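> When I checked TrEMBL for this same protein, it listed these features:
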- 177-224: domain 'Phosphoribosylformylglycinamidine synthase linker' (DOMAIN)
- His220: active site (ACT_SITE)
- 289-410: domain 'PurM-like N-terminal' (DOMAIN)
- Lys305, Asp721, Gly758: ATP binding site (BINDING)
- Glu307: Mg(2+) 1 binding site (BINDING)
- His309: active site, proton acceptor (ACT_SITE)
- Arg330, Gln460, Ser761: substrate binding site (BINDING)
- Asp331, Asp488: Mg(2+) 2 binding site (BINDING)
- 420-574: domain 'PurM-like C-terminal' (DOMAIN)
- 662-762: domain 'PurM-like N-terminal' (DOMAIN)
- 801-943: domain 'PurM-like C-terminal' (DOMAIN)
Amino acid sequence: MPLYLVTVASRAAASPQTLYLLAGNELVPAAVSLVVDQLLHDPIVQQAHWQVVEENRPLTDPFLPATEALVLEVAYRPGVTDSEGESALEGARRLGVRGIEHARALRRYLLPPETDPAQAAADLSIDVVHTTIAYHTGQPHAARTAFYTMLVADPAPAKPVVATVPLRAADDAELLEISRRGVLALDLAEMRAIQAYFAAQGRDPTDGELETIAQTWSEHCSHKTFKARVQYEQPPEELPANAALHPMLARLATGKADIDSLIRTFLMRATEQALAGRDDAWVLSAFVDNAGILAFGHDYEVSYKVETHNHPSALEPFGGANTGVGGVIRDVLGVSARPIANIDVLCFGMPDAPPPPPGVLHPRRIASGVVAGVRDYGNKLGIPTVGGAVLFDPGYTANPLVYCGTVGIAPRGMHPRNVRPGDIIVVMGGRTGRDGIHGATFSSIELTHTTASEVGSAVQIGDPITEKKMLDVLLQARDAQLYSAITDCGAGGLSSAVGEMGAELGAEVHLEHVPCKYAGLQPWEIWLSEAQERMVLAVPPDRLVALLTLCTAEEVEATPIGRFTDDGRLRVYYHDLAVVDLDMDFLHEGRPQRILNARWEPSPALGRSPALAGVQPEAALLALLAHPSIASKERIIRTYDHEVGGGTVIKPLVGASLAGPSDAAVIKPVPHDPAGLALGFGICPRYGRHDPYWMALAAIDEALRNVVAVGGDPDRTAILDNFCWGDPKQPDRMAGLVRAAAACYDGAVAFGTPFISGKDSLNNEYRDADGNRVAIPPTLLISALSHVHDIGQCVTMDLKQAGDVIYLLGATRAEFAGSHLAAVGMIEDAGALPKVDLAVARTTFRALHRAIRAGLVRACHDLSEGGLAVAAAEMAIAGELGMHLTLDGIDLDPIALLFSETPSRFLIAVDPAQSAAFEAMLAGLPLTRLGVVTAAPEVQAVWHDQTLINLPVAQLRAVWQHGLDVISVKDEEL
């Protein structure tokens, strides 16, 4: 088969270069020349060269240096999605070139000759998805020719085999070894249940059946920890003064609690209580569909889902984040909605961390790849990335957290959910490959120093262009009512999608019809592959032709692969081979409930008071502004498109120079409607090390503060929960999870904010070669979606006018445990933990919302990391004005007033002509007139004639804007 090598080099820089391999039995030089000239390079800024690749034929390299250099070439491994190569193939077809059968893209790096090749490969590629070749200029070309030929070779066809797993006669040790060897992530009780089922059937399971059960019962798909029975214990605990507002904390404080399902006891029940007495039918779907759904006016509904892609991002940051974004977009497509906004919340190890342990990438490399992956998918689909957060903590070194979310909109009532017997099963979108196999079960185990080599196939690479084409088709199919149900093909692949859609009915699938990327996949691999950009639809037979015709017209692949039945069984075939034959009831209801033990011990640090006397306020403020969790994220945000679609009202960056950190994003979903949506986030992992109950309450409070600060209605706000935790089989980890879930109930009910969706990602731990375990900090992300009645009334956080009055709304207490003042080493991480006063917080949020709607607020910023001093500095930086604060009016140590992180507080700027009306509207609440906005760009804080802070805004900005300079923001990713 003729093979051609195309080299594209920038006219401005020698490295890196892009290589393309083009191959095809009927490919001729004239066609290659056309593709190179018209498609593969821009002659104004690039130069290109192409040549034939043949055994024993020298390769010419006009773009290699004349002097000696080490050359490293990086390509995706065969079987891993190469979206750039596939785009080249599609582009050639559109040019009328039909002879290309394979197109691959590579990157070439030119390095100093003394560079160690192995180190270069480790620095510039990810082994689980990339293959490399290194050579010195002037060396023979035989190895390169073999490398290029390997990349375009068709996989050797393999005979389809359905293996039988000898399960019935296995003892307990053998059962556990079968689970471990197969990366099934099943415990002994679960393996025994499977063994008993097949003993009753009188046979052993096939490999496909065992894999199907493992996927369905995985932590990722079945949430078995959140559905477990938990035996909880703790020492006696003193309740807060308003104990009636903390009923679940009171239940735990008795010392023992028997909890049957965290999700039912705390989360679903909280939603029921929060909605009790409401008659507006605002929440249309909660904990049922792929995403939570809310009413938006009379004619529309909005959907929201936030997912995590943590384990894959630890192994291959770009691909993990890339497919995380793609997957959550498909969740919204799975409720028949059009995606209109993306969010991302990212947690990394410290950027200045020492070299990481074996099998772990450095946090700087993880951060750079994750940011590139988020940008790549959202930008290419034309969906704005409107909000999020980036946090840094040593606890995330081996286990980064990558939260991806999507908001969608759809006409009211256009999401069909009624699968019928006889409906045709159609798979749409990308082709199936070996990538992503065991993704669902892999995410249910901890990472180790050998994980990458053992489960590298669980890593996937996204193809946003394919998803964009599928998105356009699905919206047309929805409007034409061409399907009766739809779901995304995510964790577990076809096994999960078809198994869940047919759970109440039955299904029959013929895998030989599934479009595959290449030959050689075994039947169970086709069934379990998590290859990206796929959806599964239930299509009435009389609408199948119309759907397939639509897909053909839009160049989207769609294939019937089976039908839904009414016999309650899941049957899967590959030609005449029986791959799976399972009872649906056993598959979905047969998993034994887990019994977990939880034991809580209070943090001893909460009993000690940190010394504040030695804290220098100016030095503390500068250190806080430089901390990577607080420092400006502009260099990251600017790589995302947050404008596309024209619906972003409040953007991630606001202020005079569009550099200030917005509290929340506001989007306008419907052009002719003045209403909008505010998106805010709460995440306080440093508190979680001391007590996850108060951490979770603080996260709820922070998410609500964010949306209220920009104009969101606290009484029309829904929230999502995303728990990221360590190993729930460890009693201390499980106890923390119980406490966080209990806080979710207490907070949601007290604030009247229903949960509409959620997700958990557990086993975020690293185990080294010696068996030592390190868990992430207990982390809960709360995402708030709030109704904005009129976007014209929205408020941003930047100072607007000299002379405006500055108010502090909310009471401040000396609460420093988990604080960022401790994180920068100014004080011991001890003392009281920031606690939400549920008796006051909701009233405060409602009153502030009324003031914003009345036009009485000119600027508003919530107080979070770093407290009052950081909030004041950020407002001044954003507005390019100054602020003079007088702290005498509050009876509290000035260091506590400046740097405590007490929740439920806001810093507010008000026109002096409206200050009386503002004070009247917030009468009875803890409101303090604190200072004034100044034309001189300086932040000053005075306490009893003592100047504590007097710093120019220019200095504050310089420190704040350069805190993340060590993070590389990539322009491209192979």
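Cβ atoms are placed via backbone N, Cα and C, with glycine included.
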> Hey, for the ATP site built from Lys305, Asp721, Gly758, who else sits with CB inside 8 A of the CB center?
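Not counting the recorded site residues, we get Gly292, Val306, Leu720, Asn722, Phe755, Ile756, Ser757, Lys759, Ser783.
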> Determine, from DSSP, whether Asp331 (Mg(2+) 2 binding site) sits in helix, strand or coil.
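Its secondary structure by DSSP: helix.
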> Relative to the Cα of Asp488 (Mg(2+) 2 binding site), which of the recorded positions His220, Lys305, Glu307, His309, Asp721, Gly758 have a Cα no more than 10 Å away?
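Taking His220, Lys305, Glu307, His309, Asp721, Gly758 one by one, none has a Cα falling within 10 Å of Asp488 (Mg(2+) 2 binding site).
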> Quick check: of the recorded positions listed here (His220, Glu307, His309), which one has the Cα closest to that of Arg330 (substrate binding site)?
Glu307
> May I ask for the distance between Ser761 (substrate binding site) and Asp721 (ATP binding site), taken between their Cα atoms and rounded to an integer number of Å?
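Computed Cα spacing between Ser761 (substrate binding site) and Asp721 (ATP binding site) is 11 Å.
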> Can you find at least 3 Cβ pairs under 8 Å between the domain 'PurM-like N-terminal' (289-410) and the domain 'Phosphoribosylformylglycinamidine synthase linker' (177-224), where each pair is 6 or more residues apart in sequence?
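No; fewer than 3 Cβ pairs under 8 Å.
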> For the domain 'PurM-like N-terminal' (289-410), DSSP counts of helix, strand and coil?
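Output for the domain 'PurM-like N-terminal' (289-410) reads 45 helix, 43 strand, 34 coil.
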> Rounded to a whole angstrom, what is the largest C-alpha distance between any two of the residues Lys305, Asp721, Gly758 that the record assigns to ATP?
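Maximum Cα-Cα distance: 10 Å.
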> Could you tell me the C-alpha distance between Gln460 (substrate binding site) and Glu307 (Mg(2+) 1 binding site) in angstrom, no decimals?
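On Cα coordinates alone, these residues lie 16 Å apart.
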> From the DSSP assignment alone, can you count helix, strand and coil residues within the domain 'PurM-like N-terminal' (662-762)?
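Summed by class, the stretch gives 47 helix, 25 strand, 29 coil.
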> Rounded to the nearest angstrom, how far is the Cα of the residue listed as 'active site' from the Cα of Lys305 (ATP binding site)?
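Cα of Lys305 (ATP binding site) to Cα of the residue listed as 'active site' measures 15 Å after rounding.
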> Taking only the residues the record lists as binding substrate, namely Arg330, Gln460, Ser761, what is the largest Cα to Cα distance between any two of them, in Å to the nearest whole number?
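Largest pairwise Cα separation, rounded: 19 Å.
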> Between His309 (active site, proton acceptor) and Gly758 (ATP binding site), what is the CA-CA distance rounded to a whole number of Å?
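About 14 Å separates the two Cα atoms.
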